[in-house]
There are 2 protein chains.
Amino acid sequence: MYDYSQWNHIFKLDPNKEISDDELEKICESGTDAILVGGTDDVTLDATISLLVRIRRYAVPCILEVSNLEAVTPGYDFYFIPTVLNSNDPKWIIGMHQQAMKEFAHLVHAEELVMEGYCILNEDCKAAKLTSAVTDLSIEDIVAYAEVSEQLLKLPIFYLEYSGTYGSPQVVEEVSTVLNNTKLFYGGGISSAQQAIEMKQFADTIVVGNIIYDNLQEALLTVKAVKEGATK
Amino acid sequence: MYDYSQWNHIFKLDPNKEISDDELEKICESGTDAILVGGTDDVTLDATISLLVRIRRYAVPCILEVSNLEAVTPGYDFYFIPTVLNSNDPKWIIGMHQQAMKEFAHLVHAEELVMEGYCILNEDCKAAKLTSAVTDLSIEDIVAYAEVSEQLLKLPIFYLEYSGTYGSPQVVEEVSTVLNNTKLFYGGGISSAQQAIEMKQFADTIVVGNIIYDNLQEALLTVKAVKEGATK
């Protein structure tokens with residue numbers, strides 16, 4: 001079993017976006033710690049299976065981030081399950097999870113299921129709108145969600161999600177100060193090696209997504225930048 | 001540190017109800033594994049402090065079940081924090097917890113905080129009304145909440161709460177079959193040794209409350225009944 005708590009860098013692939021075999025090879029053999037498959041727009045089962053099969057040619061760990069139940073398939077190394085802590089709708093905190101258990105409890109191994117405490121902070125992103133996330137939060141509010149994740153829920157991962165926009169290093173830094181056991185993931189808008197390094201100062205793991213599709217070379221540089229920082 | 005995962009029997013005292021020193025002594029020296037202090041009606045800080053001080057004369061572990069932030073005081077052995085999984089209001093799932101962390105994060109030790117996954121099943125009880133609990137659930141729904149607690153949230157406790165009424169042994173039995181690591185607490189309407197034994201067949205821990213105030217002798221018999229069963 002892989003140890004996701006040691007991962008520094010993750011590439012996030014959207015099943016609904018095109019990626020060529022050549023590009024996928026570069027991503028999978030980049031030295032990244034894992035490939036996370038997930039998206040907000042209607043992800044289909046066909047799309048998650050297709051991407052799984054293509055990624056499986058490589059030795060890199062492969063995780064499905066579950067955003068809708070229809071797209072769940074066996075075969076991934078882990079299933080990361082977001083609970084949107086700042087959602088205004090119980091469905092995104094616990095409701096879908098309960099429905100999922102009714103359907104899938106006997107198909108999965110508990111040790112493959114990893115709960116992520118999500119805090120979605122870009123009010124304009126699709127994920128925020130979909131989950132009715134309350135994004136008008138003070139730093140104290142955000143830090144308190146991190147403390148709930150570590151001290152009460154004892155979640156393995158707290159995920160600061162700025163989906164589509166580059167977030168506040170100050171927020172990531174403040175949150176990092178209250179987490180000891182729960183790992184801090186940062187995702188959103190990283191589009192250069194410099195930004196990767198900036199957020200990696202505070203986050204345990206950075207997630208690099210859209211830039212893969214916009215500028216593959218720059219995306220690949222984020223791996224090297226983070227890995228060199230991590231070994232310093 | 002006490003090991004709450006080994007407890008078979010708990011007495012639950014309501015800070016808003018009168019109990020004489022003599023009665024309290026009988027409860028605390030009954031052989032019960034712990035005293036849980038908690039109530040739904042406006043619990044005050046004065047009431048939780050007063051009861052803590054009185055219980056502390058005895059060697060029994062003493063836990064505060066936190067239902068409102070105003071009534072939290074240091075000095076208890078544990079703080080059991082309910083998250084009402086079948087609430088329709090995010091406030092009772094995670095919202096109050098986040099507010100609590102803003103106020104108390106630096107006053108408590110994380111190891112004293114124990115999250116309870118609550119499923120409130122008596123639609124007429126105050127707790128259900130207060131928390132907007134969705135009580136119209138099938139057995140499959142309830143079992144799925146237990147599976148979420150064990151497999152996703154990996155909570156230490158799943159609490160079937162029939163507050164004020166005696167629940168369904170069949171539900172408790174079904175839920176018990178899906179829990180291995182998460183401990184199953186049953187509370188509600190236990191008013192005889194026989195009922196204590198019936199629920200203890202399936203629950204790891206039974207919580208005995210109201211009968212303390214209605215029929216102390218019968219309440220005390222539930223301890224003996226459960227302990228004899230537990231050592232068989």
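A Cβ is built for glycine as well, from the same backbone N, Cα and C atoms used for every other residue.
Per TrEMBL, these features apply:
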- B:LYS12, B:TYR159, B:LEU160, B:GLU161, B:TYR162, B:SER163, B:GLY164, B:GLY189, B:GLY209, B:ASN210: sn-glycerol 1-phosphate binding site (BINDING)
- B:ASP14, B:THR40: Mg(2+) binding site (BINDING)
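The CA atom of B:ASP14 (Mg(2+) binding site) is located 8 Å away from the CA atom of B:GLY209 (sn-glycerol 1-phosphate binding site). Least packed by the Cβ count within 10 Å, out of the binding-site residues B:GLY164, B:GLY209, is B:GLY164. Among the residues the record lists as binding sn-glycerol 1-phosphate, namely B:LYS12, B:TYR159, B:LEU160, B:GLU161, B:TYR162, B:SER163, B:GLY164, B:GLY189, B:GLY209, B:ASN210, the two farthest apart have Cα atoms separated by 17 Å. B:LYS12 (sn-glycerol 1-phosphate binding site): 19 other CB atoms within 10 A of its CB, across all protein chains. Secondary structure from DSSP puts B:LEU160 (sn-glycerol 1-phosphate binding site) in a beta strand. Reported as a whole number, the C-alpha separation between B:TYR162 (sn-glycerol 1-phosphate binding site) and B:THR40 (Mg(2+) binding site) equals 13 Å. On the backbone, the CA of B:GLY209 (sn-glycerol 1-phosphate binding site) and the CA of B:THR40 (Mg(2+) binding site) stand 13 Å apart.
It is 12 Å from the Cα atom of B:THR40 (Mg(2+) binding site) to that of B:GLY164 (sn-glycerol 1-phosphate binding site).
Local packing around the Cβ, expressed as the count of other Cβ atoms within 10 angstroms, is greatest for B:LEU160 among the binding-site residues B:ASP14, B:LEU160, B:TYR162. Just so you know, the Cβ of B:THR40 (Mg(2+) binding site) picks up 18 other Cβ atoms within 10 Å once every protein chain is counted.
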